[in-house]
């Protein structure tokens, strides 16, 4: 049981610690693994280079460990060896550019993988000079030769290039250090040939120097090309041409052959050794003929140029008059400007008009009268002589449309005292159209319209509303007619801005009483509709706004009161947006008469009450006694007052009269007198 536990723990430890090996007898650990490039990482071509992989291992006892070494270049395995030694040496030999790359070393100890070494980069510089070899130095036109380009002592993946006089002509990719090329030369000359190569090294390539130059002499084949044309001089348009093309000196060949007769870009005929062709000379054909022979990549040609004299020129079609309107009669003239008088007379030339169904009356040779054009028509004419026909260029006759009677109108609004824009326009009519504006039949100005997007706008000043009716306009697009259509007289409303505003109160401001209905009447001039606004001074917002087609409008204030006192004004404006303001009107609301009488009665009553109170207060006084000493004052009513009082008392009550009243006033004591001296007696 204990042995099983020990074995299990050993296996677990080995699993979780791959760099160490533990069992009952031995223990090891990889301390380091290195890869070195000897003698250096940067070397020249031909240097002996070796890769040394060394693994340093620590172990518990001395015994032989089985080590498997693996060397990689650019992640590709290049060497593998099993050894018990701490290091291995892998010789690359004489280094080549193809040996350049990134190397690393890996090791397995007792079939257990360990960590790899760090990557080392080897750079080898220098390539061998290529060698070029040809199997022949002298060849005939089109003969094949073999060129071989060799990269001595090199290895890897290659691109080989062949050059002719510094121009690359072929390339080939191979995995060996040489490549073969098949070459053919089609022209007679001496050629200089050389080659180069490129070694592919991921991710770049290295190019070699140029090889030796090899000269190739190309000899001409004993082949000639003959091209015969009859006639070759003084050839007139319409003459018969006989052309013969043939090959001389052709020997048997395995190459495919072909003979072509070409005029311009057109192949007239083809064959093997002889080609013939007949045609009518025409001035508008190409004048150069070519006889071309092909054998493999050998090409031989013969060319001849002939001059064809034109028998007569292509006709020209013209129209008269230059400006054509619908329903006008026109004259079409077809004529060839030149002809070969030594071969052709003018009478031999005939002219026809196309389309033939057009109503036409030939007045003389080449002149046609066409009646009543209504729509656009394309015409051509044909000149013919000695079975040769020539057609003119197409002439398109577009009858112009007479301008219709123009219409005159105002753009926007016509406002008195401001510039007014007048539009003159016809519904139909060919451009250009000239529009002329008249005032009272006197020309004001003229505008020419050349595009459909343009319009004839005239700007005038209106000084009175009646001026607007004096304007008319004329439209013209035909200079051959004196009578041009005139428009109607301009009929438009001239907006007159208001010049004043007047505010009136009803009833008159001097007779406005509380509870009355007040009407504020605002009056203004100008073209209706007119917008009126009423304001109460102190309030920026209008009390009322109204638009009216009359020259006045009113604002009602029902049941006025003191709060309606103040100053009022009104404003008026129409479409011109010129605002005029009235003078201010002061409104003072008066009190009604019955309120005035009531207030007067209350005032009289208050005064009466105040008088009675004062009288009663005065009559209630009898005796005044001074403070400080006792003074008796006896008073007696005057007889007339007694009589009055008696009469009054007898009317009010029957109580007995009181005749005497004693009033004692205390007075201050004088030290020089005795107390008995300060007694006054008053009796009535």
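The backbone N, Cα and C atoms fix where each Cβ goes, glycine too.
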Checklist outcome for this item: Checking 575-596, 597-618, 619-640 against TrEMBL, the stretch recorded as transmembrane segment is 597-618
Checklist entry - Per TrEMBL, which of 645-664, 665-684 is region 'Disordered'? => result 665-684
Checklist entry - What are the DSSP helix/strand/coil residue counts across the domain 'Ig-like' (498-586)? => result 6 helix, 44 strand, 39 coil
Item to check | Arithmetic mean of per-residue pLDDT over the domain 'Ig-like' (498-586) | outcome: 91
